[in-house]
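Okay, structure first, notes after.
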Amino acid sequence: MTPAEIKRLYQIIKVQLEYGLDELLPDHQLTKAPLLMRKSLFWIKNKHPEKPLGERLRLALQELGPVWIKFGQMMSTRRDLFPPHIADPLALLQDQVAPFDGQLAKEQMELALGGPLQNWFTEFDIKPLASASIAQVHTARLKDTNQEVVLKVIRPDIRPVIDSDLKLMHRMASIVAGAMPEARRLKPVEVVREYEKTLLDELDLRREAANAIQLRRNFEGSEELYVPEVFPDFSNETVMVSERIYGIQVSDIEGLEANGTNMKLLAERGVSVFFTQVFRDSFFHADMHPGNVFVKPEHPENPMWIGLDCGIVGTLNSEDKRYLAENFLAFFNRDYRRVAELHVDSGWVPADTNVDEFEFAIRIVCEPIFAKPLCEISFGHVLLNLFNTARRFNMEVQPQLVLLQKTLLYVEGLGRQLYPQLDLWETAKPFLEEWMMNQVGPQALVNAIKDRAPFWAEKLPELPELLYDSLRQGKAMNQRMDQLYQGYRHSKRQQATGKFLFGVGATLVVCSAILVDNAYEQLSIASGIAGVTFWLLSWRAYRR
């Protein structure tokens, strides 16, 4: 380790001890030395003993800085690995840090765009509109159209910090996984690797721009969701320019009510937007926390969601979508056998899983949920219960389902915050049933033909030639089959002849032995020679 890494490691340990996070260390032979060092070398006491462990963990991560804040946010979504008293406080982590110098931000933008900002923008505000751990946002106007825009720029000093902390995270995860077998259940190495991929993706604003363009295209003309326009000509790896929007933050209940917003419709549209993204588009915004969701102030009787920050998205293939929809329908019909079979059929759990035991485990965990009215049942917790149960049956981590679960919890939480009586199942069931009908009914056949139409249009001119080749190959194959059949029949005849000759030869040899005993020497010799001759003929017949 370099001196800088050692210094950073000491800072991390110091903060952890100040918040008493050594309590997270299990009672293990290997943890005795660190606990002894805590008392003998560091002399650092827990400064917040009155706070719950989960809250202390949140405060410690917040103090350690942006990389650890985002790591905590990701941990809060992995409820299959972390218990509620840890995951719930981590969900409150706020990704807000002090802004860096606006002049430095301007220089970074000009370096990325290849010229002075006044070449393309006017009214650039040196004061940031918002600041987060990865990037900072400033406002301006497009010079050609006078349209208001926001310029998002990656922090210039963030990459070395991220690389350094990620190295430490990987080292610590490897040590924990190697030294404590019982800790491997939490999969520390895989968790850090997943986090690294997510974090590095957020450092490339081209990815976010592409995601926003795709999401905007998917909901073009929709009354439910609006995604601000991105200007790709001014966007690259470290800078992204998009349309500036004005809206009411979705968590501002008082502001929404003061504006006369139809809260019931707004909540139901949130559910509709989620299921449309998942089942129609197979492409969903996976970071829909309240800071990224606004509501248009115009037409409050017909409210529209606004989605920002498309850095994290999820995708599902057609098999995942079908199994997910069938799982929901089977669960709410209390068909636990079907739920178990679907997990096996989808490959989410091993093929040799005992379906009877799996069904029983699902029933024990999920049946108490139905003691509540349907309007009080949480979709997100349904998924959580299913995945946690499946984990006991060696279900592999499905990253796309983890993102889906996190997003569903966000959407469900926002929906019930807006309209506490929201019946998520009543809103979602018609959508799921219609989607399933489209997958297995006549419409599914029509859709499949439409999807394959370009392929067949391309192959149509080649069809006569392909048909001729198929007929020619079929004729050649028939001839070959005839030859093989004739050879087979000839072989069977030869085998029958060989068996007959062998039997005659054996009979003559036996007769030869009998004749010797009865003093018919010459006849015995002749019979023996004839028997051997028939054996040779039978061997020759087999050879053919």
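Quick reminder: no glycine exception, Cβ is built from N, Cα and C everywhere.
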Which of these, Lys143, Lys152, does Swiss-Prot list as part of the ATP site with Leu129, Ala130, Ser131, Ala132, Ser133, Ile134, Ala135, Gln136, Val137?
-> Lys152
Report, in whole Å, the straight Cα-to-Cα distance of Asp287 (active site, proton acceptor) from Ser133 (ATP binding site).
-> 15
Does anything in the same chain, at least 6 positions from Val137 (ATP binding site), have a Cβ under 8 Å from its Cβ, and if so what?
-> Pro128, Leu129, Ala130, Ser131, Val150, Leu151, Lys152, Val153
Under 8 Å by Cβ from Ala135 (ATP binding site), same chain, sequence gap 6 or more | Lys152, Val153, Ile154, Arg155, Leu205
With an 8 Å cut-off on Cβ-Cβ distance and a minimum sequence separation of at least 6, pull the same-chain contacts of Asp287 (active site, proton acceptor), or say none.
-> Asp309, Cys310, Gly311, Ile312, Thr407
Cβ neighbour count within 10 Å of Ser133 (ATP binding site) | 20
Min neighbour Cβ count (10 Å) across binding-site residues Leu129, Ser131 flags Leu129
Greatest Cα separation in angstrom, residues Leu129, Ala130, Ser131, Ala132, Ser133, Ile134, Ala135, Gln136, Val137, Lys152 binding ATP per the record, works out to 14
